[in-house]
Amino acid sequence: MSIRYESVENLLTLIKDKKIKPSDVVKDIYDAIEETDPTIKSFLALDKENAIKKAQELDELQAKDQMDGKLFGIPMGIKDNIITNGLETTCASKMLEGFVPIYESTVMEKLHNENAVLIGKLNMDEFAMGGSTETSISKKTVNPFDHKAVPGGSSGGSAAAVAAGLVPFSLGSDTGGSIRQPAAYCGVVGMKPTYGRVSRFGLVAFASSLDQIGPLTRNVKDNAIVLEAISGADANDSTSAPVDDVDFTSEIGKDIKGLKVALPKEYLGEGVADDVKEAVQNAVETLKSLGAVVEEVSLPNTKFGIPSYYVIASSEASSNLSRFDGIRYGYHSKEAHSLEELYKMSRSEGFGKEVKRRIFLGTFALSSGYYDAYYKKSQKVRTLIKNDFDKVFENYDVVVGPTAPTTAFNLGEEIDDPLTMYANDLLTTPVNLAGLPGISVPCGQSNGRPIGLQFIGKPFDEKTLYRVAYQYETQYNLHDVYEKL
């Protein structure tokens, strides 16, 4: 197997044993990008000069046996809404074209401290608003498993790059499923941690009460290794949780005999494709064969997840995106002749169609006369959804179900049909609304397109999710498939 398809864990061993230099790994990755990414279109910007320089510095440390850091010499790709000091961060939007940050996000500081090597910034839906990566102003990323299909979104570039062997891990952000859905579509492992587990400082805000940064990898243990590196409380983020336990690998490999798993009947109901249902039912039988106890439960407010999510997320977006006014930074209209025109024209020209749609929706939901009917009611529904999960977790350790109701759809198929596009978030938005951790792992394929299995856990119990996901992965995975793509 080429270095480009090696796991994070194996690369760490090869580097530690001095069988390969960090600079060799980085060179192999850039060769892979040059060969493959003109087709996949996952990267928006490369940081080649700095990456090679950093790798050469790590070579010197390797020679001195000073290989400090959990990710020493490991290449990484970062979603383009995560601030990177000195490297353009655009959120795949005209509004931020040419914007080069002068500070570092907390997750990037942590990864640099662990001696990971930044390869470049990855494509996404504009300002993380979309489910296919087609709203990007720059390019349309394709699914490595089927180039006619979308990679999912909004972290489509992050998922596609990992699946195609262009980086061993990437970071994405998940507001309503934006890590887990593309992970499912691209056949990789994607974790949305508990809200507050990972600092949001330096994440360009979409919906601040929902956003969470998380890792995408080709296997479960790699995912746990990366989450350990980026987790922890942060004084720069008042919503980060003061939780000391960031050990996610110690229970990987432990069996799941007696583990109580809940299967909500709503997760295999209306709107879920037959091929997805079959794959999930097969996965449930696998879990039973591993000793887990799987029982059907009800999460009755699941159907209200999408409408409440889109009201809340759009309302928060309309507030967060008000900072892009054409004055301080970002796109500045050249046609304006007054301050009012500058505001209007900069935002009209700088934002894409989907972003403007959500700003309009959010502004309407927060407006006088409609606040109680839409925003306030959506927050009440959010509480009901959280209560549903709390009730289930009184008796069960994890919840299982599909990640997405279908496999990846074709490029161009849903981009002009927002309601159909939004329906793809049926099974992921409730997890964000409740602030819970969720992980997607591959569980099958249909017509060559991957199917994702989602495990949902109790708050700050990512350790159990990794444990059950790892055991399932021993029975089904796509490790032998990636290189054939």
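Each residue, glycine too, has its Cβ placed from N, Cα and C.
The active site, charge relay system annotation in Swiss-Prot covers Lys79 (among others). Same-chain residues at least 6 positions away in sequence with a Cβ under 8 Å from that of Lys79 (active site, charge relay system) are, in sequence order, Lys121, Leu122, Met124, Ser155, Gly157, Ser158, Ser170, Leu171, Gly172, Ser173. In the three-state DSSP reading, Lys79 (active site, charge relay system) counts as strand.
Listed in sequence order, Met124, Asp125, Ala128, Met129, Gly130, Gly131, Thr133, Gly172, Ser173, Thr175, Ser178, Pro182 are the same-chain residues six or more apart from Ser154 (active site, charge relay system) with CB atoms under 8 A from its CB. In the three-state DSSP reading, Ser154 (active site, charge relay system) counts as coil. Annotation comment: Swiss-Prot describes Ser154 (among others) as active site, charge relay system.
The active site, acyl-ester intermediate feature in Swiss-Prot is assigned to Ser178; the stated evidence is sequence analysis. Neighbour density for Ser178 (active site, acyl-ester intermediate): within 10 A of its CB lie 37 other CB atoms from the protein chains shown. Look at Ser178 (active site, acyl-ester intermediate): DSSP puts it in coil.
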